[in-house]
Amino acid sequence: MEHLRELRNRLFKAFLGIVAGFIAIYALNLHAWILHQLQRPYNDLFPGGNGPDMLQLGVGDVFLLKLKVAMWAGLVISAPVWLYQIWAFVAPGLHKKERRWAYLFVAAATPLFLAGAFLAYMVVGKGLAFLLPAHEEHLTNSLELTRYVSWVTNFMLIFGVAFEFPLLAVMLNFAGLVSAKKMLSWWRTVVFLFFCFSAIATPTPDPFVMSGLAICLSAMYFIAIGIAWLNDRRRKRRTGESDYSNLDDDEAAPLDYRPEPVAEPEPVPEPERIDRRSRFDDSI
């Protein structure tokens, strides 16, 4: 019961931090600046950076969109508060070494996610240029604001999560679930999946954009393999494990079956002759 009581208090404090961040964003009108930045890739398609006004189809769509943007922005700026509350609840059950690795993984996850989201934001403009021809005759580009913002934010979220995959591979290696050798044996499949993901996720058929995303993900995966290889070497030096300790149960060890020269057998001496008193019983 004590743990449940502490969990309730931690969650309540985290909720208060998120609410405070939401109120700060909305009171300072920062949600309007965020919406303007999200619309910039669309406006840049037109001369002077002034695209057609976006549409509001529902009565309260724009108001709800502002609340949604303020909520997500408040969640981001209050991250130190609710992350600390989660960590304060989990940390007492971890060893000192586990806490150190947790700090490193969180420190690496944040810039990776931001890098993926920023790359997606840069790609959005190229996708819109292909999907929305700005100079097509007899056509007017009028987008619904809510659907457009949802499309851009989902696109950024997908890229940000995709950039976390190499970090996930490193975490599995540090947990002892997969070795660097096994990760290297998967490289063809992983690179193929990265190119498939890039072809689906990028909104433009431009091969340079698709290849750029796939190459970035593949490069980070090979960096993850290098980190895993160093960790495997460190683990072997510390524990004295052999090279065959990480093999699966159904995987044969790469033993050397080449024949080697064997020394000549030593001669066996002749047995001594025993005089028996009877041929029926040796004990007589």
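Each Cβ is built from the backbone N, Cα and C atoms, and glycine gets one as well.
Outside the transmembrane segment (12-34), and at least 6 residues removed from its termini, the chain residues within Cβ reach (under 8 Å) are 66-67, 69-71, 73-78, 81-82, 85-86. TrEMBL lists 12-34 (among others) with the feature transmembrane segment.
Non-local neighbours of the transmembrane segment (69-90) in the same chain are 6-7, 10-11, 13-15, 17-26, 30-31, 34-35, 102, 106, 149, 153; each lies 6+ residues outside the stretch with a CB under 8 Å from one of its CB atoms. For 69-90 (among others), the entry in TrEMBL reads transmembrane segment.
Per TrEMBL, the feature transmembrane segment maps to 102-124 (among others).
Residues or ranges marked as transmembrane segment by TrEMBL: 148-172 (among others). Counting same-chain residues at least six beyond the ends of the transmembrane segment (148-172), those with a Cβ under 8 angstroms from any Cβ of the stretch are 35, 38-39, 41-42, 54, 65, 69, 72, 105, 108-109, 112-117, 119-121, 123-124, 178, 183, 197, 201, 203, 213, 217, 220-221, 223-225, 227-228, 231.
If one looks beyond the transmembrane segment (184-202) by at least 6 residues along the same chain, the residues whose Cβ comes under 8 Å of a Cβ in the stretch are 123, 127, 155, 158-159, 162, 209-211, 213-214, 217-218, 221-222, 225. Residues or ranges marked as transmembrane segment by TrEMBL: 184-202 (among others).
Residues or ranges marked as transmembrane segment in TrEMBL: 208-230 (among others).
According to TrEMBL, the region 'Disordered' annotation covers 240-284.
Under the heading compositional bias 'Basic and acidic residues', TrEMBL lists 270-284.
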